[in-house]
Amino acid sequence: MNDTVDKLVIFLAKRDGIDKLVKTFQYVSKLVHWQVENTHPDVATKAKQWEVASGLSRKAFRSGRFLTGFNAVRRNPGPTTTFRLLAVLSNAGEMVYFFFDHFLWLSRIGVLDANLARKMSFISAFGESFGYIFFIISDCILIQEGIKTERKIIKSKMEESKDSNEKIKKIRVDRVMRLMAVAANLADLIIGLADIEPNPFCNHAVTLGISGLVSAWADSDNFE
């Protein structure tokens, strides 16, 4: 039975499509800015303004999203001790990310001291990266288990052919979904690392732009 938290999480999830679209605007404009920065400064300035506005809008859309991780751990932590631990670690990191992102947003729009922005950005990015590592580990374990199950079904001759084919199809669809999720989480991990430990690769406009687009559209949620 749905309680107040469940209903709030369902309500907040309705904004995910808008967030993905605005995220696309954010990272396309970043790539445009990089491409025309030296040749068309006026266009580059507009692209930069679009990127910043999109980023701030996304932070507003994500208000309250830290409750999603809390609800995931509360309602469906996993079937085994390993998956429960991974669920706690991954969702805890995501909760830190979304929670401190509120303060980052408020500091950037001038409600809070602007000097807090860098600190809030670091904490938020650290939580994000921490969580994505365990999301990736969890998906990789499930992909491996799916491969083993598929091989057992193929080798077994005791099951009906039609039933076996359906099970194999389901496993393969699940594998594709999880591979997409891993790609999206890896992309977000790169973006997080750019904030935590700036470096020429992660902070390059092309790396960030491509990572942002992959993160927006490789997420398995888009295909459910």
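Using N, Cα and C of the backbone, Cβ positions are placed for all residues, glycine too.
Any TrEMBL annotation is an automated prediction that lacks curation.
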Checking feature assignment: transmembrane segment per TrEMBL, candidates 120-143, 168-191. Which range matches?
120-143
Sequence-remote partners of the transmembrane segment (83-100) [C-beta within less than 8 Å, at least six residues beyond its ends]:
62, 65-66, 68-70, 72-73, 76-77, 120, 123-135, 137-138, 141
Cβ under 8 Å to the transmembrane segment (120-143), counting only same-chain residues 6 or more beyond its ends: which ones?
69, 82-83, 86-87, 89-101, 103-104, 107, 174-175, 178-179, 181-182, 185-186, 188-189, 191-196
